[in-house]
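Notes for the one structure printed next.
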Amino acid sequence: MANCVRCCCWLLVLMLMALAITAAVVFVRYKNGEGVFPFPGVPGAVDHKYADALAVALQFFQVQKSGKLVNNTIHWRGDSALDDGKEAGIDLSKGMYDAGDHMKFGFPMAFTATMLSWSVLEYGDAMRAADQRDSAIDALNWIMDYLVNAHPSDDVLYIQVGDPKADHKCWERPEKMKEKRPLTKITPKSPGSDVAAETAAAMAAASLVYKTINKTYSSSLLDHGERLFAFADKHRGSYTRTFPELSAFYNSTTYQDELLWAASWLYHATGNHSYLAYATGKNKDFADLGNPRYFSWDDKRAGTEVLLSRVSFFASQGSDVAQDDVLGMYKQTADAVMCILLPDSETAAFRTEGGLLYVAEWNSLQHPVASAFLAAVYSDYMQSSGKTELSCSGQGFSPADLRKFAKSQADYLLGSNPMKISYLVGYGDRYPEKVHHRGASIPEDVDTGCDGHKWLETSKPNPNVATGALVGGPYKNDSFVDERDNVMQNEATTYNSALVAGLLSALVSTSSLARSLS
């Protein structure tokens, strides 16, 4: 009897050792870009460089908050814009200021929420390992409360608070604002499919985040998302065609990409195949499949292609979804997007000498950060689904190659660049000190109104640090001028922060992704 017990004990020990060795081998293979990391996946060791940067990046959302602040962690910020929306009988006091001004632009704010949600959905475990998930959800909640209130009925969406021309003439702290803040709304007679669909995407994505946190809130968000999508699709038109004066700020080139983007998110949120059919049916022409694009607040096509590729990557073999030719075309286009991002690919896009993917002069960091996030996500889709190779003009690349590209862009913005400067304010020993930001540039004890331009014009560093701000970034020659009036390079935006938070979350640790976002 004793011998049997000893045998069983040794057998158990051997089994545990075998499991440990297997897990170690799989983990090493994953780290080297090989094999499949097991589901459901546990975050690997935390990379503290990216975790620390993530903690910094998320603080900018606290800097940008409007309304009655709760648990405020930014000593130089206070309550502001408490009467926003009052003229329409709604509460639009929450939400976030767009950049260094005090405008609430609904289009980029909704995109900010969509990207925050996507990041939490894919990398919530990594965020939790870095103790930052709650911070991300707090920022998301502040925006979603605003967006819900901005949609008081099926065919009405308030898309803007403030007059941008009047706002930009003032240089003042948000807490001291006394100017009128008019409201702009879209209706069936004044359409804005782009901003309505982006808001629908934000609602759908956020509903997935809150599904395990607050089911009632999640259901409400999804209801708003479905109604907004119906509104956007039925009453088609671009908001910057309806309101031409707004084209100088966030000009929407087309609303078609937002309709596909929203339908894709609604499919993930509901499982309703009618939304997938919307993107793969006659509306597929909106995607311009076969022609890779860069992802941004204006152009959602690359994001949609990656998001729908998720369906293909994790579909059961032989299923209708797995055999869908149009979904296959979305994935092929997503492959092509990845190929232009990889520096050793034949179709590689232009890089600066310092290694930054360079697409646009204004806010030059937006495209490389957005692209790096997509590359990290795509790498993890490949890794988690067992796909080991991406073919670019016959040349093979691994998931590790995509992750290496994503890291290179993150490292550049964190200081590994010719200027030896971190473009993430508050991270590292050297970062921009004269960020184009009204609140940061004016001492908190100064009682100034709209005429505080001396704080814009001073050569001194900002008295308040806009921690977490990701500024516009360098020129094509990797140079950067840290001056407050250098709006092109030295202004930060909330959507930049959402993008960099997503990228850093992807790099915090290694883990597999869930097969379903729901």
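Positions of Cβ are set from backbone N, Cα and C atoms, glycine also.
Per Swiss-Prot, the features are as follows:
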type	residues	note
ACT_SITE	D101	active site, nucleophile
ACT_SITE	H436	active site
ACT_SITE	D482	active site
ACT_SITE	E491	active site
CARBOHYD	N71	N-linked glycosylation site
CARBOHYD	N214	N-linked glycosylation site
CARBOHYD	N251	N-linked glycosylation site
CARBOHYD	N272	N-linked glycosylation site
CARBOHYD	N477	N-linked glycosylation site
TOPO_DOM	1-35	topological domain 'Cytoplasmic'
TOPO_DOM	57-518	topological domain 'Extracellular'
TRANSMEM	36-56	transmembrane segment
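On the structure: features taken from Swiss-Prot.
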residue	record	CB count, 10 Å
N71	N-linked glycosylation site	6
D101	active site, nucleophile	21
N214	N-linked glycosylation site	13
N251	N-linked glycosylation site	14
N272	N-linked glycosylation site	13
H436	active site	26
N477	N-linked glycosylation site	11
D482	active site	17
E491	active site	21
Distance, N214 (N-linked glycosylation site) to H436 (active site) (CA atoms, angstrom):
37
Distance, N71 (N-linked glycosylation site) to D482 (active site) (CA atoms, angstrom)
32
Looking at the recorded positions N71, N214, N251, N272, E491, whose Cα is closest in space to that of D101 (active site, nucleophile)?
E491
Measuring Cα to Cα, how many angstrom lie between E491 (active site) and N477 (N-linked glycosylation site)?
19
Residue among glycosylation sites N71, N214, N272, N477 with Cα closest to the Cα of N251 (N-linked glycosylation site)
N477
Rounded to the nearest Å - Cα separation of N71 (N-linked glycosylation site) and N214 (N-linked glycosylation site)
20
Euclidean distance between Cα atoms of N477 (N-linked glycosylation site) and N214 (N-linked glycosylation site), Å:
48
Euclidean distance between Cα atoms of N272 (N-linked glycosylation site) and N477 (N-linked glycosylation site), Å
48
